[in-house]
Amino acid sequence: MGPPGSGKGTISSRIIKDFNLKHLSSGDLLRSQIINKTAAGLSAKDYIDHGRLVPDDVMVDLILNELHKVEKHSWLLDGFPRTVPQAQALHTKEPADVVINLNVPFEVIIDRIKGRWTHAPSGRIYHTEFNPPKVAGKDDITGEELIQRDDDKPETVSKRLENYQNLTQPVLDFYRSHGVLEEFTGRYSNELWPQVHKFLATKIEPIQYTHYQ
Ligand code: AMP
């Protein structure tokens, strides 16, 4: 959990490098549904482009269906649930053992989102200041063009933060009352990551790397 631009994607990619979890990002999932022009993608696009949340029934079906595919594996959900009905639906079917909240001040977030560029096919995220690509405007791995997501444009960002306050903050109360919420405060992913890693290592065995000479 964490407001848009709090670094959920960055922290998630670090988590899956160090811990053996399958990563499911609701935003990436929706964007790939849009690229593939599926029914869910077509109905979601307008909401996303206007900084609104996709309806709960669409989201719950999409996510539970994906979780079903990784049934035998531990998972990391990023970006879902974002409303209390979504949290309740997940809790009934696949309750989370641990919920991590990234508590990042709103003013830091606004600056961060404005500089964010994405490689659409992979979901890789760059930032002009904090995590620039090797070549300006190009993805490090494929060399393809980076784009600024419609929903990262300034007018949409305020709407997303407003949604977060109204709809997503109550999800934190939901998980707090279930005793699974763990909160971390910081301005940057590099400040949050050591805290998150330390905590997760008390819950899950980190991946053991083999070092070759
Ligand atoms: P994200 O990349 O997680 O910021 O998601 C991008 C956009 O996808 C959000 O602004 C929402 O419009 C939509 N979205 C992602 N996850 C959810 C969710 N759990 N519920 C509703 N809409 C979502």
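Every residue, even glycine, has its Cβ placed from backbone N, Cα and C.
All annotation found in TrEMBL is predicted automatically rather than curated by experts.
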One of ARG14, ARG149 listed by TrEMBL as binding AMP at the site of SER26, ARG31, ARG52, LEU53, VAL54, GLY79, PHE80, PRO81, ARG82, GLN86, ARG160: ARG149
Chain residues in Cβ proximity to the region 'NMPbind' (25-54) (below 8 Å; excluding those fewer than six residues from its ends, i.e. six or more beyond): 8-9, 12, 61-63, 66, 77-80, 82-83, 120-121, 123, 150-151, 155-160, 163, 167
Alpha-carbon distance [ARG52 (AMP binding site); ARG116 (GTP binding site)] in Å: 19
Separation of alpha carbons, TYR126 (GTP binding site) and VAL54 (AMP binding site) (Å): 25
